[in-house]
Amino acid sequence: MQGAWVLLLLGFRLQLSLSVIPVEEENPAFWTQKAADALNVAKKLQPIQTSAKNLIIFLGDGMGVATVTATRILKGQLEGNLGPETPLAMDHFPYMALSKTYSVDRQVPDSASTATAYLCGVKTNYKTIGVSAAARFDQCNTTFGNEVLSVMYRAKKAGKSVGVGDHTRVQHASPAGTYVHTVTSNWYGDADMPALPLQEGCKDIATQLISNMDINVILGGGRKYMFPAGTPDPEYPNDVNETGTRLDGKNLVQEWLSKHQGSQYVWNRQELIQKSLDPSVTYLMGLFEPVDTKFEIQRDPLMDPSLKDMTEAALHVLSRNPKGFYLFVEGGRIDRGHHLGTAYLALTEAVMFDSAIERASLQASEQDTLTIVTADHSHVFSFGGYTLRGTSIFGLAPLNALDGKPYTSILYGNGPGYVGTGERPNVTDAESHDPSYQQQAAVPVKSETTVGKDVAIFARGPQAHLLHGVQEQNYIAHVMAFAGCLEPYTDCGLAPPADENRPTTPVQNSTTTTTTTTTTTTTTTTTRVQNSASSLGPATAPLAWHYWPRR
């Protein structure tokens, strides 16, 4: 897969070495008509005031507004366009808001505390998941009595099917927010936990994945946390570093299978496609790597499913429930690419994330499905330098810096791309387009950091209009619960969707092919060429919203 991405990027780098200006854009009538068309659409926009049968939330981990914009440019350039004018799938969603991402104890949050906010409706502390702010990081005994419930849990309680699909490990902080209660977000398996919290009764995240609630679809990475220590990995049987890690000797996959009729476990793309299309399958677990799934450019399309594949498979299985479903999908490797200071990895992941959103939009009706796209936090990622229209998103600014050397449009505020030699290194256009290139950073840190900026929320479907203005991040969970008439909003007073009894007929499964093709859309325009150097959420929710029932 990496070769295909490289060829595409080389192609548009050569094509876009000169800035191009569409001649029609020089005419004011072009922009007047464009605005008039958008205005006509806006005037006809009517909120869908029914309840939502289905609930989908797409989480772009670390996908701040700058990342969204850069992804839009990359997508457009991969399609042969100039870039910024090309819409993303999420751009077509009619409602938008901003989300305040701070956690209770941190101005700049992490993926754990934010997941608790947008999935459980309660803000909490740094590195804790599924617990209130009364719990303390790394203090096991503060977990009990401070657990909070997710919207997914409430959807399951209401009779819906539920699922998670992720491009990281399924025990990662973001998907874990749908099912776990932990004061330490990296307790992936029991081997990752100290002795004391185990003695005090705290459970690792993998154990809670199969025991806290009844999840119909689980797709992502994280195999090694599910099997006894030393168990050979099916994909890498001779690699001792990829064997199972569980010290309690449990086979959690087998335990999960034994609980459910109609359940299947898969570990590669072909099996995923086959089982998801089997109408007898109502429970599907797919774990495709020992830890995190591969970056999109490194993915083997014959062995490893894309996030779009996982989304489509999940929707096939979940849609078999006439009462509807709840689905969480995360583009988790966007975040990892940014932490590495490697924008190429982050943005190519974001392009695939957007394709998963597009696939879900084709499979799920806007009339009965509330779909939300958002991010947990942003990153110290930016792009600038007055680059000319059509310049590769990975390219150089048109003018050199004060030291006489070129610099990339994309830069990081901190990260591993800092070079402390006393002299900023030169960077060439070829280097800046290398998939492994780490953009220069102002401050040296081992892993680039998140930021405290607001992030965008995109929404469509029933009650999507409630996502407006600037909101606290936990408001997202309350909108989803209200739209689905789930606790604590079971008396929502909303009529059912008009087509609630319509059988779900997903589009033809696009993952049945074993080769990957890229469709290129070319927009023909007349151009001129320029030379280029290269909080309205409830103040207090009912008690049932906040606390997990003791067992």
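Cβ coordinates come from backbone N, Cα and C, glycine included.
Swiss-Prot names the disulfide partner of C140 among C202, C485 as C202.
The record from Swiss-Prot ties S111, D376, H377 to Zn(2+) 1, and of the options D61, D138, D403, D429 it ties D61 to that site too. Swiss-Prot annotates E235, F288, E289 as Ca(2+)-binding residues; of D248, D304, D309, the candidate listed for that same site is D304. Per Swiss-Prot, C492 makes its disulfide bond with C485 among C120, C485. Of N141, N426, C485, all annotated as recorded positions, the residue with the shortest Cα distance to D376 (Zn(2+) 1 binding site) is C485. Here the Cα atom of E330 (Mg(2+) binding site) is found 16 Å from that of H339 (Zn(2+) 2 binding site). Within 8 A of the CB centroid of the Ca(2+) site residues E235, F288, E289, D304, the other residues of that chain are G221, R223, W267, N268, L287, P290, T293, K294, M303. For the binding-site residues S174, E235, D335, a Cα to Cα distance of within 10 angstroms from D61 (Zn(2+) 1 binding site) holds for S174, D335. Nearest in space to N426 (N-linked glycosylation site), taking C-alpha to C-alpha distance over the recorded positions S111, N141, S174, C492, is S111. Within 10 Å of the C-beta of E235 (Ca(2+) binding site) there are 17 other C-beta atoms, taking all protein chains into account. The record gives D61, S174, E330 for Mg(2+). Within 8 Å of the mean position of their Cβ atoms, the other Cβ atoms in that chain belong to L59, G60, S111, A115, D166, T168, H172, A173, P175, G331, G332, D335, D376. Here the disulfide-bonded residues are C202, C485, C492; the one with the fewest Cβ atoms within 10 Å of its Cβ is C492.
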